[in-house]
Structure formats: C-alpha cells, structure tokens
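Encoded as structure tokens, the structure appears first; notes follow it.
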Amino acid sequence: MSASYVTFLLLLLILCGHARGRFISDTQAASQDLISDGVHHHLSHIPRSYLTLNPYSVDAESTCDQTYGFLPCTTTVLGNLFLILVYGYLMFLAATYLSNGSEMLLEILGPGIIGGLFLPILGALPDAMLILVSGLSGTTETAQSQVSVGMGLLAGSTVMLLTVIWGSCIIVGKCDIENSVAIDNKDTKGLSLTGSGVSTDIWTSYAARIMAISVIPFLIVQLPQLLNSTSGRHLAVLISLIFSVVLLVSYCLYQVFQPWIQRRKIAYAKHKHVISGLLHHLTNQGRLLTEDGEPDEEIIKKLFKTIDQDSDGYLSFSELKALIVGIRFDEIELDKNDAVDKVMKDFDTSHDSKISVDEFVVGVSKWLNEAKRAGNANSDPGHRKMKFLSDFHSRTKEEHALLGASVQSDEVVEGAEKPKWTSLKAGLMLLVGTLIAAAFADPLVDAVDNFSDATSIPTFFISFIALPLATNSSESVSAIIFASRKKIRTASLTFSELYGAVTMNNILCLSVFLALVYIRGLSWDFSAEVLVILIVCVVMGILGSFRTNYPLWTCSIAFLLYPFSLALVYVLDYVLGWS
C-alpha cells in the first residue's frame, strides 16, 4: 500500500469524525413525499444547530431563473463569476468564428457588397445580440434594470478599442520615424517617444473622421437632458434612432463603393506623378520659364521638336509612350498605356488623337501653373523654378504614398483552392458563430445581473470592463498581431479596422439599443455614459483625422483615457447623481 493511499485514508477518517447527521426537513408537509426513517417525528422537537436540507425554505429573493429552463444559474458570487467566465468564453468563441469566417469569405468574394455591407454587420453581431437581449428580458421593470448591461457593453467596447487596443497597436507596431514617416521593419530607436512610432495612409484618417461623425445620434438623444426637458425625451429617442439608421445605411454604402473611390484617387495621384516627372524631365532639357516667371513658349516648342520623332508636326500616341517609357517612373507601379491616354486627354483639345505644337504649349503651360500653385512658388519663380518644381514633385510623391498607392498588400491573394469547399466552410463558421452568439447572449446578461445583485457592484461597471473582453477579444488580438508586422500597410489596415469597429458600435449597436428603448417605453438615463463615449470618440477621432504619423508618445493619450472614463462615470453617476 503506497504512502499516498495511506495518507488519503487517514484524512478521510479524520474528516468522517467531524461529520454530522442531518434531517431531511423540519415540517410535516415537506416530508410527506419522503420515506420515513422511523425517527423523524420522534426527534422533531429537538433543537438542532446543524444544517437541514429544505429547498422550500429558501428565501424567494435569493432564487434565480434558469435560462431556457435548463441552463444553470446561481445566486452566489463565485457561481456567477464562473458563469460569466463560461458564457463569456462562448461569446469569445462566437466572435472568433465570425471573424475567421468573414476573412475566408472576403478572400474569396473580395470587397464590395460582402466586405462593405455583410461583414461589418457580422463583426458587430455579438455586441448587438447582448444589447438586444438586455432590453428584451421580462417585464419593463426588469428590462430597465438590465438595459444598463447593454449600455455598459456599448461604452466599454468603444472605449477599450480606442484606448487600450489603440495604444497597444502603437507600441507593438512602432518603427523608426525619419522625415515624419515610419520606416517599414526598421525599429532601432527603442522606446523613443518622438523618434519611433507608426504611420498610416490617408484612408485611415478618413475612417477616423467617419467615426467622429458617428457620435451625432448620441448628441441628438441627449438633447432633452441638456435642455432640462422631460416631455421630448421619447421623441428624441425616435429621431436619434432614425438618424442612426440613416448613418448605418450611408456607412455601408460608403464601404461598398470605397474600393472604387480608392482606385479613382490612386489613378489621379499617379497621373499627377506622371505630370511631375514629365515637367522635371523637360526642365532638364531646357529652361521652361522666362525671367518673369511665365512659360517660355519658344523653349517649349523646341522641346516639342525633340519629342516629335517623325517631324510631322504632331505628337502621336507612340511618341508620347516612348517619352514616358524613357523617363522610367520607378517609384510607382505605372500602366504606361493608361498614363499616355491621360496625358493625351490633357493635351488633345481638338480630339483628333494627336497633339499639335500649340496644344503642347498650352498643356505644358497649364501644368507649370499648376506646379507653381502646388509648389508655393514665390514672387520671383524665374530664378527658383527648380525649387517649386521640386516642391511639386515632393508633394506629389507624398500624396501618392499617403493614398497607399505605392504599397502592395502584404497578404498574397491567390486563387483559393477548392473555392466551393472554402465557401461552405466559411458559411458554416458564420452560422455557428451567429447561433452561439444568439444562444448565450441572454444567459450572459442574466449572469452579469445576478453577479451585480450578489456583489452590489453596478452592472454598468461589470459590463463595461468584462463583456468587451469577450466580444472584442478576437478582434483585438488580431489587430495587435497585424500591427506587429511593422509596416505602413498593415498599420493602416489595423487602425482602419479599429475605427470601423467603433463606427459600427456607434450606429448599428446604438440603433438596436434605441429601438429597444423606444418600443418598450424605457427611460433614457445614460448621460454619464454618453459623455464618456463622446469624449473618447472625439479626442481619438481628432487625433486620427488630422495626422498620419503617430509618435510613441501618442499612445499615452489613449491609455490615460481608459481610467479617466471609468472615474468620470463613477463621479457623475454615484457622486453627483446624474443617473
């Protein structure tokens, strides 16, 4: 017999020595359905200090209702904490399935309807489900008490994405900043607050501006409180609901057409790059401006003759193409035929598919004037023509880079193997994720509410801190991993997705919340929570709207906003009594 077995037996005997017998019940009514042990009635008059099993004597206030009639529930602190962890993990699983299925579907079908409309809605689905069930539970009074779970989740998701996750992406994605641009995969300056950081393209700034605009429905629904009016609150909820739905539809349409908009802007940036390169090349061949700063027509006509290889007095498509190919635009990926078409369109005002000498002079003069405006030419450009042309060329390259036109995707998108099987797999993952989110949103809300009752901690703070970890953890981890690749391209995609997720919170999830409040006649009493969302979205929206370069010190702003948000809600609600 092993020593561990002997130890176990001794411990068992010791514990048995402290055991106590206990009666099934104290009441005759409760024991009628039980088999008598022969001593129950005889000893019923003896007082006992030890525990008796009597489920009928439990106080009604400490009972809980099983969700769907079979899922477990409890009234204890540790029990509800365990249920929050279990149901939270299931919601995390649902978010993971939805995220992975969305990526697989996007890889096969590409952007547009799928990427712009369907997938953003799926990404916000777990949050929307939790908000929905928080306002559908039981009576109006029950819904009013549980709806704070939905508001806590809405505020917590927004704040977490724009503070903790945003700042973490700056830290893990930082590269050395040189000439106000982060250099891809170069991280030698350590934790330099100004010398290292992250750069993004201009589309990320647009996403930040859209996110800042998406807070308008919060302002509308809050107007009656600001005006100390009680009669217009229900109407304000309806107007805010309509406005948020309009914003949701507009945002989805923008996402659908965004790839087309990007292609148009990138094409225009490339055309300006061609103009800049041609002017720079022609300037090297001769002085294009007079001492007065006006286009020198004689020099421009001489340059025309050098390009006109067959000396027929016209520049043909092939002659223009030879000029552009000879310049070698190595900085950009250029479609030579498309570039020639655009130059021909600029110059050929007679629409005869060839450029005369007069059309060439007019076209070059127009380009020079545009370069002077963009290059900030001073009152004496004749002596400094190279300066304003250099400025124009630099600005064109910068605009081209900000659009992300010169950077190819880091993900090698190839034809998916077995697309039918991949589509089926993606569809199943989306279906499973949706079903899990729908099934376990209600028990998670109940567990949070019961945990709040057991601990006397307001449900808002539990849902503000805990629930976003479940519904946004997959998206957050994915964003941090993607940012760690330390490239402008991946940083742009990462922050655009964060801004997009917050935008969907502010319009889709808020639409669900407002619909619940309006239909069920609930009271809107979330001034402090709305103020927190407004402050965080506006501060981070402004920060992201007007810059594409984020030194390391900017992450401190994001990190400080998180504890500030918690402290602000506590002071306003529980010290000043706003709620």
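Including glycine, each Cβ sits where the backbone N, Cα and C put it.
Here is what TrEMBL records for this protein:
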DOMAIN    295-330  domain 'EF-hand'
DOMAIN    335-370  domain 'EF-hand'
SIGNAL    1-21  signal peptide
TRANSMEM  77-98  transmembrane segment
TRANSMEM  105-133  transmembrane segment
TRANSMEM  153-173  transmembrane segment
TRANSMEM  235-257  transmembrane segment
TRANSMEM  426-445  transmembrane segment
TRANSMEM  457-483  transmembrane segment
TRANSMEM  495-520  transmembrane segment
TRANSMEM  526-543  transmembrane segment
TRANSMEM  550-572  transmembrane segment
The transmembrane segment (77-98) vs the transmembrane segment (526-543): 3 or more CB pairs under 8 Å: no
Mean per-residue pLDDT computed across the domain 'EF-hand' (335-370): 81
Same-chain residue ranges lying at least 6 outside the transmembrane segment (426-445) that approach it to Cβ under 8 Å: 67-68, 71, 73, 83-84, 87-88, 90-91, 93-98, 100-102, 104-105, 108, 122, 125-126, 129-130, 132-134, 137, 146, 149-150, 467, 470
Long-range neighbours of the transmembrane segment (235-257), counting only residues six or more past its ends (CB under 8 A): 112-113, 115-117, 120-121, 210, 213-214, 216-218, 220-224, 500, 503-504, 506-508, 510-511, 514-515, 517-518, 524
Among the ranges 153-173, 457-483, 495-520, the one whose Cβ pairs under 8 Å to the transmembrane segment (550-572) are most numerous: 153-173
